[in-house]
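Asker: Below is the structure I would like to discuss, written out as structure tokens.
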Ligand SMILES: Nc1ncnc2c1ncn2[C@@H]1O[C@H](COP(=O)(O)OP(=O)(O)O)[C@@H](O)[C@H]1O
Ligand SMILES: [Mg+2]
């Protein structure tokens, strides 16, 4: 079997008495979209936070490209190639869309302790950043401050940033949320192609998108993965229907 | 609209330059001293503006660096005069460039641990911990009789610079003015650079910066140290202006004054500290001549700025910040 890009073993995290992550095992293989679904409050975002390093797990291991992530902060994991988007967009609000992406380009090029050369005149930053905005369809909005973009556009911008990082795995937390049907459709198409660049762990509520995109699905309920497998197996799993899909239908 | 800020900046720079020339023409050298005071306070605030304006790091302890710079100038000069070595046989000096270098280096050395510890916290805790460090240095200075204790430390004559007669008001003003312009050029370069981009992103959203792989702590620490170095240089000049290093340079009032300058002028703006220092010294002088309670009126003005003109004087004159 191919080595997974991302490998999570027996991950546990409590918030007080709440077992928000309760013995999760999960992996992400090259070339795939692995969808993580589950009801609100199941602990999906908290799992993404632990993988990206913004929250520390209580126990268990996270391995990325074969390396144990223990002791590495968010910035270190990002520079190793873990690119993420946030459920609630997290951008530099005063900076233009372009400058938000340029930040990722500059991070990828090495340390930021360079004090003199103006970034706006640096084609090695602006050109790749613009190219990424073009890929996600935001080129026309490149000069707008992130704060003035629509919900959906902010989502696209976060994805452009993750692309600019040259990520080796993507963690996307509900990228479709707040997008109209048109936006969801075009993003679905885009993500479908993106898996060839790097595998995607996709948290998503939009079931049309999930069934259209996912190679595998895992279902998280109260911090536990109650089922994991191919799309059809999950669709027909009685426990999943009861715990999640039944409720959503 | 975007083009207005450079014009405003140029006018402010020319205005500050004009004051001593006019003062000389009308035979009122006192105004040269006032202009010098503006230039030095502005220089100190340009330093703080790196941390506070670009990085959003509200240091309430920058008096520590301002005072350290001042004491470096006074202590080195004292040893040069009495001929006693400092320690390990190192002699004192009255050479400004050497004093500047030492002041900047010492501020960097001291800002490094203060910043490394303070930056573990954020928000109001950061404000308090920087204040605490500065107060520690303040009490250390007033309890050290060898260097004047509570009385401060006088300089017999102004320190010297090759080819410049620093004892005369105008040449000394020009030295301070030139250093201010140099600091402004540095601030401008830093703000537009990769480092500046990361620093401003850290202020807007530290999580975003981490998510692209840049650790905000390292960026903020570097900014804090650079900021302290500039403010320290200003302190050395201030001691030379007054021929006196006073413990009040180290006190929390001074830290507050520097923050007030920046808020008056416009936080994060290139010429914010210059505009702020001009306003501040003007009020201090104009209102101070009328009433002892000028700081009360300054307080009112500050309140007005915070409530109605968030961008300070530069915000009023040049509009909102342009981020390119
Ligand atoms: N920092 C936190 N402290 C305490 N409880 C939290 C924290 N973050 C999330 N939770 C709780 O953990 C549970 C899972 O949240 P989350 O991971 O956001 O779920 P999901 O993304 O699946 O909707 C929720 O009950 C939420 O209230
Ligand atoms: Mg969530």
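Here the Cβ of each residue, glycine as well, is placed from N, Cα and C on the backbone.
Because TrEMBL annotations are produced automatically, they should be read as predictions rather than curated entries.
Straight from TrEMBL, here's the annotation block:
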- B:35-52: transmembrane segment (TRANSMEM)
- B:59-78: transmembrane segment (TRANSMEM)
- B:98-117: transmembrane segment (TRANSMEM)
- B:124-147: transmembrane segment (TRANSMEM)
- B:170-190: transmembrane segment (TRANSMEM)
- B:211-238: transmembrane segment (TRANSMEM)
- B:258-283: transmembrane segment (TRANSMEM)
- B:295-318: transmembrane segment (TRANSMEM)
Asker: With pairs fewer than 6 apart in sequence excluded, do the transmembrane segment (B:170-190) and the transmembrane segment (B:35-52) have three or more C-beta pairs that lie under 8 Å?
Answerer: yes
Asker: Restricting to the same chain and to residues at least six past its boundaries, which positions have a Cβ under 8 Å from a Cβ of the transmembrane segment (B:124-147)?
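Answerer: For the transmembrane segment (B:124-147), the sequence-distant neighbours (Cβ-Cβ under 8 Å, at least 6 residues beyond its ends) are 57-64, 67-68, 71, 74-75, 78, 110, 114, 117-118, 153, 247, 250-252, 255.
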Asker: Which residues, given as numbers and ranges, are at least 6 beyond the ends of the transmembrane segment (B:295-318) yet have a Cβ under 8 Å from it?
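Answerer: Same-chain contacts beyond the ends: 4-5, 7-9, 260, 262-267, 269, 271-272, 275-276, 279-280, 283-284, 287.
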Asker: Hey, which bits of the same chain come close to the transmembrane segment (B:170-190), Cβ under 8 Å, at least six residues off its ends?
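Answerer: Beyond its ends, the transmembrane segment (B:170-190) has Cβ neighbours at 13, 16-17, 20, 24, 32, 35-36, 39-40, 42-43, 46-47, 49-50, 54, 96, 158, 161, 164, 196, 199, 226, 230, 233, 237, 240-241, 270-271, 274.
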